[in-house]
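Following: one structure in structure tokens, then a few remarks.
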Amino acid sequence: MTLSFITRWRDELPETYTALSPTPLNNARLIWHNTELANTLSIPSSLFKNGAGVWGGETLLPGMSPLAQVYSGHQFGVWAGQLGDGRGILLGEQLLADGTTMDWHLKGAGLTPYSRMGDGRAVLRSTIRESLASEAMHYLGIPTTRALSIVTSDSPVYRETVESGAMLMRVAPSHLRFGHFEHFYYRREPEKVRQLADFAIRHYWSHLDDEEDKYRLWFTDVVARTASLIAQWQTVGFAHGVMNTDNMSLLGLTLDYGPFGFLDDYEPGFICNHSDHQGRYSFDNQPAVALWNLQRLAQTLSPFVAVDGLNEALDSYQQVLLTHYGQRMRQKLGFMTEQKEDNALLNELFSLMARERSDYTRTFRMLSLTEQHSAASPLRDEFIDRAAFDDWFARYRVRLQQDEVTDSERQQLMQSVNPALVLRNWLAQRAIEAAEKGDMTELHRLHEALRNPFSDRDDDYVSRPPDWGKRLEVSCSS
């Protein structure tokens, strides 16, 4: 089957990119590819059997027209000016059978005009982390970019140490970022901001294209998508680590996996990025940061969208966030209905977990085993203050009895939203260390496990992290 690529971005937004081709690595070789995703995209298996090829930037497929995008942004709350694809190249936009498109973005593809002081490369460590994280999030049901392939090489890349140069093929319906809009707003070119908005609406919100108030309606949906995404992050204990405006997806996708982390111990102020000295992007601050970022996006639209309409959309953020968060957390607790005491029970559980440094994922998974007519709970042994847990658990069981469902029905719901497996940093690190020694077995094994996060397991993927695996420091270097 021949893959079809189109050039919408190149044709319709000529001032937003520089056309250039990838720079191949030395002795590049394909070490992992996503068979399930490749099948979904109708990619012939033969493309994965001819060396690094397109996956290593050595060849282009017919119809591809590679380019690096320019955008700007606020980083850690400070205007950073022009940024752009410093090591990534958009190879092409694949046209799928249903009329939708999928960007093929090659990360680590070499120097671009936007590399600034960088070398345009990615390392094996960071490409493995992004591949694992994006696929883990996908199978958790959270909107995200996806990983299609990893290529490693003999090219040295200099970071804190000398590492192997690598490339990741990332795919997504669009790589439109808040930062694209900021770039032209701060260059005082509002007509180009409008062109970006028109492009987005035409191709991704086409049902709004003929609406008189299309820009307000579109921005309102961007707000809603962002609020929903952040709510989902919070419910699974995911910390992004670097929520700069240039890392915010217009479509509400999780984008740019760098120093991310899933909660081990429940620590509301968890900081996964060791460069985040002030805790701006701490776990509990993510909802506020996302709203701040949306306010920056709204500012770029203010030359042609009524401020009252933009503010109305921004005002909807908190309610959308709380609605999505509340619905999911009630499911995690096994509540089939909404009752006035639900928030108090949840907050009391969080307080208990924070005092005890309880494991976030294990706590909710073990809670899924609760039988409402039994005072015994396998979760009890996870707490030191048994009296405090017993008090909470007694009130929790009374609350469960208000919903007329069987234990089996409730447990099935809870186990469908409380994963047994999340991508803890130590699991990723173990796969990385093996891969850096040439052994890809654990990389493939972990990828396979992450496809079924809600299934019970009895291996160390679902155990508490070892002492060395807790609070692994992760930086933005990739």
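All positions are counted from 1 along the displayed chain.
Glycine is treated like the rest: Cβ placed from N, Cα and C.
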Report summary line: Checking Swiss-Prot, the member of Arg129, Arg170 that binds ATP with Gly84, Gly86, Arg87, Lys107, Asp119, Gly120, Arg177, Asp256 is Arg170
Query raised in the report: At the Cα level, what's the spacing in Å between Asp256 (ATP binding site) and Asp246 (active site, proton acceptor), rounded?
Result: 9
Report summary line: Most Cβ neighbours within 10 Å, among the binding-site residues Arg87, Arg170, goes to Arg170
Query raised in the report: Taking the Cβ of Asn247 (Mg(2+) binding site) as centre, how many other Cβ atoms lie within 10 Å?
Result: 21
Query raised in the report: ATP site residues Gly84, Gly86, Arg87, Lys107, Asp119, Gly120, Arg170, Arg177, Asp256: biggest Cα-Cα distance, Å?
Result: 23
